[in-house]
Amino acid sequence: MRFTVATSLLAAMAVAKALQSPIQFASNSEPTLDQLWGEDWPFNGIQTFAHLNYTKCLVDPETSFDIGVIGVPFDTATTYRSGARFGPRAIRTGSQRQTSKRAFNTRAGINPYQDWAKVIDCGDIPVTPMDNELALDQMTKAFEELLLKRKNAVDGSGPPKLVALGGDHSILLPHLRALNKVYGKVAVIHFDAHLDTWSPSKYPSFWSSDQSKFTHGSMLWMANEEDLLSDDYNVHIGLRTRISGKDWEDYEDDDDQGWARFSADDIWINGLGGLKEIVRSINERIPKDYPTYVSVDIDCLDPGFAPGTGTIESGGLLPRELFYLLRNIDVNLVGADIVEVSPQYDHAEITATNGAEVAYQLITSIVKQGKK
Ligand SMILES: *[C@@H]1O[C@H](CO)[C@@H](O)[C@H](O)[C@H]1NC(C)=O
């Protein structure tokens, strides 16, 4: 009897002690500061893309990386609603539930942040909103700085791969200019509701200047004029906007610039079989080792999934269709972007979250293709 009472007393004291100090650590040894405070919840911390390490790469030539996420907060080449200069911030916010510890991509079978590649957030390119000629120069020089003068981490040979966060779609032109200096012409896979191969003369103004040619609907026309694009491997996916005039002249111009076109209807009309067929035809069209760029205008998605963008068009892709295509297109990816996220028109972070998912899938694809 006494024995039982004493045992119960000891047990009760142990419980009381445990209640006094409810904190328990996994190990008996003194924890390090990093163990105590090193890990963040998704809602903690300064917002870098996916909580990746941040280096302002443009001013730090010593930092090497394999994949750099680079913000390009520029939106003064828009033709309708502006606001995409806040896109990089919004996409970073939308990416906060991605952390390197919890980013295993079940569709790809890898965690892109814990694989061979060093992936970092390179910060933003400071771009003037006052003068587009100067802005285009700044962006061109910045992309050249990052692609021509930085070494990747794997073997010290350059260049790294960049995933650009727009900004309006015109930021593609300076990126292609810099890529041209590394790889020569590149094929562009262009997800968009719009062609963006429009000659500036298609815009409703009698007035023009050199600077007025540079718009988020003409940068692919400019890229073609500058001989940056592959002769005939380029592909549009998600088209559905109205075009000029009373016949197919815009499409004929687009043909002349070496593009194949898949409309938003092409994506769903034959179901999964149709999607697979589109993947097959793109993978067949672009030679395996040909340098290829993937550019995702968030307005390829239906406005229901991407209200926060400048030039919304009804009747677009579902996010799952976009991600299916991004995962299955098998090309030599040398650069990529996600553009036209304009958070002022967003609500519930829908567009920003889809934008962040696009960036994650693009990074996954670059990691998955291996060291090149
Ligand atoms: C960030 O940098 C720290 C310190 O260099 C390093 O230990 C950590 O692995 C890096 N994190 C990622 C996700 O690369």
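Cβ coordinates come from backbone N, Cα and C, glycine included.
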Have a look through H169, H175 and flag the one TrEMBL assigns to the Mn(2+) site that D192, H194, D196, D297, D299 belong to.
H169
Are there residues of the same chain, six or more positions away from H194 (Mn(2+) binding site), whose CB falls under 8 angstroms from its CB, and which are they?
G217, L239, T241, D297, D299, T311, E313
Could you name the residues, excluding H169, D192, H194, D196, D297, D299, of the same chain that surround the Mn(2+) site, i.e. Cβ within 8 Å of the Cβ centre of those residues, in sequence order?
H190, F191, A193, H216, G217, C300, T311, V339, E340
Helix, strand or coil by DSSP: which one applies to D196 (Mn(2+) binding site)?
coil
Looking only at Cβ atoms, how many others are within 10 Å of the one on D297 (Mn(2+) binding site)?
27
Name the residue among the binding-site residues D192, D299 whose Cβ has the smallest number of other Cβ atoms within 10 Å.
D192
Compile a sequence-ordered list of residues in the same chain as D196 (Mn(2+) binding site), six or more apart from it, whose Cβ lies below 8 A from its Cβ; state 'none' when nothing qualifies.
H169, H190, H216, G217, S218, M219, L220, W221, D297
